[in-house]
Amino acid sequence: MEKTFIMVKPDGVQRGLIGEIVSRFEKKGFQLVGAKLMTVSRELAEEHYAEHKEKPFFGELVEFITSGPVFAMVWQGNNVIATARQMMGKTNPADALPGTIRGDFGVNVSMNIVHGSDSPTSAEREIALWFNQEDVSEYEKTINRWI
Ligand code: IDP
């Protein structure tokens, strides 16, 4: 079963959107298999966003993600990586459609509420970076046969 890394960013936590975001993924039929509220170290932030190291907004991005607690999660389900990206909407909330998380709640591109892995390779890398293996739970949901 596919897994992805989803994070409510500091703005989403401050705005009280953890429950809303968890609820959307639960209602869709995905399964929460790992979660923690945590303050991100500079080292972890730089590693997580390593692909953006050369971008002009890298410094601002690291400052932001380390500025307050985030809610880090692992979600599991059929096609969860691509579907979660659809549910989040485009990176810039100005381009994100209503009905998506960023389209409904986001204000600007640096504070866009949520992160989700963009490919199977990123999902694997990010889950390993953020979670110890023993903190990701494997458990059966009987509803799985319906979805
Ligand atoms: P994604 O989060 O939709 O995968 P990426 O292109 O991987 O988007 O960018 C990572 C994060 O960097 C974005 O979520 C956003 O918060 C931030 N970001 C992207 N482009 C800009 C920009 O032009 N200015 C400021 N922040 C940006």
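All residue numbers here begin at 1 and follow the chain in the order shown.
Placement of Cβ uses the backbone N, Cα and C atoms for every residue, glycine included.
Feature list (source: TrEMBL):
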ACT_SITE  H115  active site, pros-phosphohistidine intermediate
BINDING   K9, F57, R85, T91, R102, N112  ATP binding site
DOMAIN    1-138  domain 'Nucleoside diphosphate kinase-like'
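Features as recorded by TrEMBL, highlighted on the structure.
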residue : record                                          : CB count, 10 Å
K9      : ATP binding site                                : 24
F57     : ATP binding site                                : 12
R85     : ATP binding site                                : 18
T91     : ATP binding site                                : 14
R102    : ATP binding site                                : 22
N112    : ATP binding site                                : 23
H115    : active site, pros-phosphohistidine intermediate : 19
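Not one of the binding-site residues K9, R85, R102 places a Cβ under 6 Å from an atom of ligand 1.
When the alpha carbons of F57 (ATP binding site) and the residue listed as 'active site, pros-phosphohistidine intermediate' are compared, the span between them is 16 angstrom. R85 (ATP binding site) sits 9 Å from H115 (active site, pros-phosphohistidine intermediate), taking the Cα positions as reference. N112 (ATP binding site) falls within neither a helix nor a strand when secondary structure is assigned with DSSP, and so counts as coil. Distance from the CA of the residue listed as 'active site, pros-phosphohistidine intermediate' to the CA of T91 (ATP binding site) is 9 Å. DSSP assignment over the domain 'Nucleoside diphosphate kinase-like' (1-138) gives 62 helix, 26 strand, 50 coil. Per the record's binding annotation for ATP, residues K9, F57, R85, T91, R102, N112 show a top Cα-Cα distance of 21 Å.
Mean per-residue pLDDT, taken over the domain 'Nucleoside diphosphate kinase-like' (1-138), amounts to 97. Looking at H115 (active site, pros-phosphohistidine intermediate) and K9 (ATP binding site), their Cα atoms lie 7 Å from each other.
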